[in-house]
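Undergrad: What follows is a structure written as structure tokens; I'll ask about it next.
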Amino acid sequence: MTERYARIVATGSALPEKVVTNEDLTKFVDTSDEWIRTRTGIGERRIAGPGETTASLGHRAAQQALQDAGIKAGELDLIVVGTTTPDLVFPSTAALIQHRLGANGCAAFDVNAACSGFMYALGVAHQFIRGGQYRRVLAIGAETLTRIVSWQERETAVLFGDGAGAVVLEASDEPGIYASLMHADGGYQELLTCPVGISSGFTDGPNHGLRVQMAGREVFKVAVKTLDALVGETLKAAGMVESQVDWLIPHQANLRIIEATAKRLNMSMDRVIVTVDRHANTSAGSVPLALDEAVRSGRVQRGQNLLLEAFGGGFTWASALLRY
Ligand code: COA
């Protein structure tokens, strides 16, 4: 019997129009372009405007991916959206996007794994296709994280941006995703959190207490160590060695974290897709945005092996090794 793989047949992405540079941020928070660039690699970010939401960005990314795949929305079996900033409590962002696409009737749900959200969505898509239940799945990572950033707090305000990316996956007897891995450790809640919610309640403070809180230095250390182990585990699960990976497409939180992972893989930075300089950290949006940009620029080619990975609040961490 031939093996059944989940194969990415097309990608798409969407960014808000509004560009906010580091220099722009210095007008209302005590920071500098030099500090932000040297510590993070970020130069600018996109910020969602009044009419833009996680679902609208995810919808635009999905439309582009479906168009490039030559697949009609009605042919989808599942839409899974990785997001931590859904439009509403319910319906899910996946259901909102499903209706806008006109894919009514297929399965649709969100996964919340913070910055690893798209990698979790991809893992879910992989398993549903590999297991034989579904043939065509749309996996999206979409966020408007700037809506939960406190613009007065320089430790976090400079780090985030908004955006979305999408991939269409199809069942194929050609690879395909070789391995996808997911992990979480809820014991790290205090280091990276948005500390209010429906069930535990909101506060009377600004934005009802909705704000990203992060112990940056501690998160940095755990991220580097965890991603180091994750890429090793991913290679092993796929039965591959470092030299077989053509491109590293990492979560875009901090250029120094990306460089550390590339070093672990013995990869020079010209084989690593970097968008953090222009997008900042778009959480679940970052990996599919980087993938789509790499595909559209012609750097990533059919037949190449891609290692995708992410780390985020939870903590969560997840990866995939696939032939594009
Ligand atoms: N502008 C200017 N100075 C700032 C600043 C800003 N935006 N934010 C913090 N500082 C200051 C601090 O107050 C501190 O000052 P002090 O030395 O006088 O106390 C100094 O810069 C160093 O702060 P520190 O937090 O130790 O810096 P860092 O080198 O660890 O860099 C991060 C901070 C957030 C960039 C870095 O820790 C990081 O990227 N962490 C991981 C973040 C991440 O990936 N999060 C998402 C996971 S999905």
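Here, residue 1 is simply the first one shown, and the rest follow in order.
Glycine is treated like the rest: Cβ placed from N, Cα and C.
Taken from TrEMBL, the feature domain 'Beta-ketoacyl-[acyl-carrier-protein] synthase III N-terminal' covers 109-186. Marked as active site by TrEMBL: CYS115, HIS251, ASN281. According to TrEMBL, the domain 'Beta-ketoacyl-[acyl-carrier-protein] synthase III C-terminal' annotation covers 235-324. Taken from TrEMBL, the feature region 'ACP-binding' applies to 252-256.
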Undergrad: Using Cα coordinates, what distance in whole Å links ASN281 (active site) and CYS115 (active site)?
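TA: Here the two Cα atoms lie 9 Å apart.
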Undergrad: Measuring Cα to Cα, how many angstrom lie between HIS251 (active site) and CYS115 (active site)?
TA: 8
